[in-house]
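Listed features, source Swiss-Prot:
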DOMAIN    9-80  domain 'KRAB'
REGION    141-164  region 'Disordered'
ZN_FING   240-262  zinc finger
REGION    285-364  region 'Disordered'
ZN_FING   369-391  zinc finger
ZN_FING   397-419  zinc finger
ZN_FING   425-447  zinc finger
ZN_FING   481-503  zinc finger
ZN_FING   509-531  zinc finger
ZN_FING   537-559  zinc finger
ZN_FING   565-587  zinc finger
ZN_FING   593-615  zinc finger
ZN_FING   649-670  zinc finger
ZN_FING   676-698  zinc finger
ZN_FING   704-726  zinc finger
Amino acid sequence: MAEPPRLPLTFEDVAIYFSEQEWQDLEAWQKELYKHVMRSNYETLVSLDDGLPKPELISWIEHGGEPFRKWRESQKSGNIICSSVDMHFDPGFEEQLFWGSQQAMNSGKTKSHFQLDPESQCSFGSFVSFRPDQGITLGSPQRHDARAPPPLACGPSESTLKEGIPGPRNLDLPGLWDVPAWESTQHPWPVCGESCWENNHLVMHQRGHSKDRTRRAWEKFNKRAETQMPWSSPRVQRHFRCGVCGKSFRRKLCLLRHLAAHTGRGPFRNADGEMCFRHELTHPSHRLPQQGEKPAQCTPCGKRSLPVDSTQARRCQHSREGPASWREGRGASSSVHSGQKPGSRLPQEGNSHQEGDTEALQHGAEGPCSCSECGERSPMSARLASPCRAHTGEKPFQCAHCTKRFRLRRLLQVHQHAHGGERPFSCRKCGKGFAKQCKLTEHIRVHSGEKPFRCAKCGRNFRQRGQLLRHQRLHTDEKPFQCPECGLSFRLESMLRAHRLRHGGERPFSCSECGRGFTHQCKLREHLRVHSGERPFQCLKCDKRFRLKGILKAHQHTHSKERPFSCGECGKGFTRQSKLTEHLRVHSGERPFQCPECNRSFRLKGQLLSHQRLHTGERPFQCPECDKRYRVKADMKAHQLLHSGEMPFSCECGKGFVKHSKLIEHIRTHTGEKPFQCPKCDKSFRLKAQLLSHQGLHTGERPFHCPECDKNFRERGHMLRHQRIHRPERPFACGDCGKGFIYKSKLAEHIRVHTKSCPAPNELDIKKRLSQLFAMIEADWS
């Protein structure tokens, strides 16, 4: 191919002029930046040709004049004037220019890239690229109408593609070539006669006719994405450049994928044999339209794609078979024309793998592959593996750091961000980072309070769609997650995973302080607050603080007197669902918690834990004032009230109690109620402990054993009273003579000796005294 002749280039070919109105609309720093670029262009041309005369524009700039021209004067002189100019600079220059930074004037950068908008209402437009290391590239536009001025000083081109459309030419500078013009006659606009390559480009071009011609070039460029030509530079910086072909990328991963094309490992090669591609669909999309090449047209829908070679790829979207590379993960599976959603279930038909079946998938045809479990169809076998793994439970992608497994590779990649600490998406309000864009979108709703997902049955709103789906299972009573070992079903998959850990006895999350294990990490975080004393949840009405949010919500019901959970049998109300569940065991008699040592069963788990401390002798709760220790925390709190003298529970008779249960027992003395009845002798008692002690008379059982003298007792109180005999201590001492006594009643009798105030006993006192005496004799001789 013969080299095109070199043509001269003048400063006017690369100069950009503004009208007076446009110049007045520019800001001061924008004017200075424009002057800086024009001077840089002139200095480069002077370095190539010392005899170049100084243009009038440069003289204006040097003398401090206003470098603008009037429209009519510029038409007479043949200069280029455009009412709407797109100015494209290199990424660093461009970002400083359009974001208000004046550092561009002092940055020392000399690269610039001007491009006249091909859709704007210009008298003439050109594509000018100025790079000191590559020379100057000038490209002529496609438009050729009566308003275009005479050709530039560089002279006519020797080759043209069509009448009135200039072809490629070599300018009179080393390494400078004219950019080939794109021919597109598919979407003409009758107003100006200009054609656009894509239909959406034509729509954007039509908007240019309705815009004000005096709109500032800077505003026009700020929306350059709407009219950007294929060769224009994006605003996002591309730091990673290919050393082979010079192509730039925003991310290093994209550059590495691109470099694989130069290694020759790909099975598909372009027409020039220069690059290889790993996917067949990537191969035709690499080629840009050449001069005279028309866009390819899709047979089913008539839509045109870029190169002719991509017709086959586009038909693959419509046909049920398609090439193997398309079926393996590069093709789109959405039915554009039929409205069929990706992955939706289509009706079963015959064999969908027949060769030559060109019925359009996007026009309502089926995909070639279907899932044997649920019948879900997919045009790609690789995509089909995803729904199948949902049924088989297969998770082939394993994390190298924590051995977690995933069904999809992309889920593994997102998970790996957690190990690397990488959270590329951050919230602007609170700075919290996220590994996925969708998680950031969900988090933003926390600040905005938006809850777009509404339950159709109860009207409750949710921030996330997953929360709505989980909530709807409450209405349908759906429990899709079943344990394969015991058959129990659960609403949530996380509940099933936690349940399965119980079968294996595995507790992967353990406390570093006490060694206690948990099945959930959130439970471990809640437990750590026990050691740290942290109570982050505060009541707004009484300033009480709580470790758990659920306890705070239950506490808030006490202020409103609201008890939303009520028993269906007795009507008793509760502030929490868990308390109602515990109460229902009273009616059903269920005791699911059994002690492994004595086989005793309990209604509540806390009761079992407290009981097990009897076997171990553990007393973890210590009074900070007198160092007494207790098995139950409630007993320790009641004991602390004795030190403070506080009696929060008082009876109408004025007597106070430290426990609510003691108040209830005391009230029965006023009412005469005896709810505990012996099933053998029909005798009734006020207290449950009295009933248990009485039942020992019928059974002869004496479960409480003295370790000193091997005596047995029916009641624990009798055993404790007896153990004082073996101790040398006399806790009750007389204040007058200092004599000590084991029992307080003995001290009271002794005090009467000193006061000589022994009244004659009445009949009631005699009976009470005799009963106490018989009980002591029975305890000592049994």
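Using N, Cα and C of the backbone, Cβ positions are placed for all residues, glycine too.
Given the structure is predicted, the values throughout are model-derived calculations rather than measurements.
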Residues of the zinc finger (593-615) by DSSP state, where helix covers H, G and I: 11 helix, 4 strand, 8 coil
Counts of helix, strand and coil residues, the zinc finger (676-698), according to DSSP: 11 helix, 4 strand, 8 coil
Within-chain partners of the zinc finger (425-447) [C-beta distance under 8 Å, separation at least 6 from its ends]: 414, 417-418, 463-464
For the zinc finger (649-670), the number of residues DSSP places in helix, strand and coil: 11 helix, 4 strand, 7 coil
CB contact flag for the zinc finger (565-587) and the zinc finger (537-559), at least three pairs under 8 A: yes
Tertiary contacts of the zinc finger (649-670) (same chain, 6+ residues out, Cβ under 8 Å): 634, 638-639, 641-642, 686-687
Spatial neighbours of the zinc finger (537-559) far in sequence, C-beta under 8 Å, 6+ residues away: 526, 529-530, 575-576, 579
